[in-house]
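Worksheet for the structure shown next.
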Amino acid sequence: MKVKDYASTAGIEVFSPVSHTLFNPADIIQKNGGKPPLTYQSFLKLAGQPLWASSPLPVSLSSLPPVGDVGYFEISEVPTVEELGYKGYGQEELSPFRGGESEALKKLRESISDKEWVANFEKPKGDPSAYLKPATTVLSPYLKFGCLSSRYFYQCLTDVYQNVKKHTSPPVSLVGQLLWRDFFYTVAFGTPNFDRMKGNRICKQIPWSNDDELLAAWREARTGYPWIDAIMVQLRKWGWMHHLARHCVACFLTRGDMFVHWEKGRDVFDRLLIDSDWAINNGNWLWLSCSSFFYQYNRIYSPVSFGKKYDPNGNYIRHFLPVLKDMPKEYIYEPWTAPLTIQTRAKCIIGRDYPAPVVSHDSASKECKRKLGEAYALNQKLNGQVSEDGLKNLRRKFEGEENQESGRRQKQKTLTGWLKDH
DNA sequence: CACCTAGTTGGGAAC
DNA sequence: AGTTCCCAACTAGGT
């Protein structure tokens, strides 16, 4: 199919009529003076409405290329799972998600058929422990492989929004999720060495440890923290887990507990996720490791309480870690605290049937915070980001706000507390 | 009905 | 899109 034919059929601009993304990253970067926007909000402002979105969806294409017409390349056989290096996987180990465009469109229609659900969608409010019916659309693998067009998805969502009274907005809405995807594509496209720490101007330089033992325990789902290990089993078996579940394990590997380099975790996700996408995967590892975009390194996901608040009974853990299925719910998130009689009754002795924790979250997370604090201070010094004058300005601004608010507030915030929010 | 106590909930601040 | 601690406010039930 010729680009011009498609464009005239679709009634859209001749430039980039077909694309993997909603916007052209180069356009956004150009609008921003040559540098990619580094916050979602600034990205939204630059992006605006996509030009093609006001046109009706193309209902048919004038022509399709003959099967096998791929220009200079020969079509080769689709490699088998074994040929791709995934040996020893039984049928029950395979992802429950089927591939292909038909499946993608079926899933899309199912997802948008509940208009109220679409209108009220708010990420990250979904339940990461929901596995019978995931809290999100699970359309990411189809977007990644091009089985589903992000532009078509966008227009379908716009149609739903037009037929409801009110709907959520970016960043939390469903359209907001597509925009997150374009945000990461744009930054990734415009940032040299985006996929590594060294030579990457937006990445904090942090002296991550090189502990292969800890990395292996994380990768192989034997950290001793059932919430973490269950997520890693879901990753291995399904190739997909909920957004917040990914947050928990990424935080645990890097800045939360193990202090292992985010590039190592990135490689594992890249290999095992069925939706792994270079820009989005690297972007999220930069985010979760507090290397870029997000810098609140004190906010650490608890490997115990985070999952518990969604799934107090531990059903998710019981499903993905059957060895713990008879552990009483009082101990299932911290089985090493269960008395031996309970462990015996649950047929799960810690240290024999299921590992003891490889790190103590309490001390490990404190140590991580300390190291991040040091690394941040060093980065600041090296980059000269906060000069003496800059600090004075911040102090003046803080005192100004404090005076304005002191009338209606009894307690005073400290300067350090305030600085963290600004 | 006043008063007490234990337990729960919600918001703010520190880390 | 963090967790924990603390305290005020509130509830339920008992005396």
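Each Cβ is built from the backbone N, Cα and C atoms, and glycine gets one as well.
TrEMBL labels come from automatic prediction, so no person has curated them.
Annotated features, as they stand in TrEMBL:
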BINDING   A:136-140, A:177-184, A:275-277  FAD binding site
COMPBIAS  A:398-408  compositional bias 'Basic and acidic residues'
DOMAIN    A:175-372  domain 'Cryptochrome/DNA photolyase FAD-binding'
REGION    A:398-422  region 'Disordered'
SITE      A:Trp208  site 'Electron transfer via tryptophanyl radical'
SITE      A:Trp262  site 'Electron transfer via tryptophanyl radical'
SITE      A:Trp285  site 'Electron transfer via tryptophanyl radical'
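Structure coloured by features recorded in TrEMBL.
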residue	record	DSSP class
A:Thr136	FAD binding site	coil
A:Leu178	FAD binding site	helix
A:Trp208	site 'Electron transfer via tryptophanyl radical'	coil
A:Trp262	site 'Electron transfer via tryptophanyl radical'	helix
A:Ser276	FAD binding site	coil
A:Trp285	site 'Electron transfer via tryptophanyl radical'	helix
Out of A:Phe184, A:Trp208, the listed recorded positions, fewest other Cβ atoms within 10 Å surround the Cβ of A:Trp208
In this predicted model, the domain 'Cryptochrome/DNA photolyase FAD-binding' (A:175-372) has a mean pLDDT of 97
Cα nearest A:Leu178 (FAD binding site) among recorded sites (A:Trp208, A:Trp262, A:Trp285) -> A:Trp285
The recorded sites listed are A:Trp208, A:Trp262, A:Trp285; by CA-CA distance, the one closest to A:Phe184 (FAD binding site) is A:Trp285
If you tally other C-beta atoms within 10 angstroms for each of the binding-site residues A:Val138, A:Leu178, the top scorer is A:Leu178
Spacing of the two Cα atoms, A:Trp262 (site 'Electron transfer via tryptophanyl radical') and A:Thr136 (FAD binding site), in whole angstrom, works out to 25
Taking all protein chains shown into account, the Cβ-based neighbour count within 10 Å for A:Trp285 (site 'Electron transfer via tryptophanyl radical') is 25
Students should find that the Cα atoms of A:Val138 (FAD binding site) and A:Trp208 (site 'Electron transfer via tryptophanyl radical') sit apart, in Å rounded to an integer, by 32
Here the recorded positions are A:Trp180, A:Trp262; the one whose Cβ sees the most other Cβ atoms within 10 Å is A:Trp262
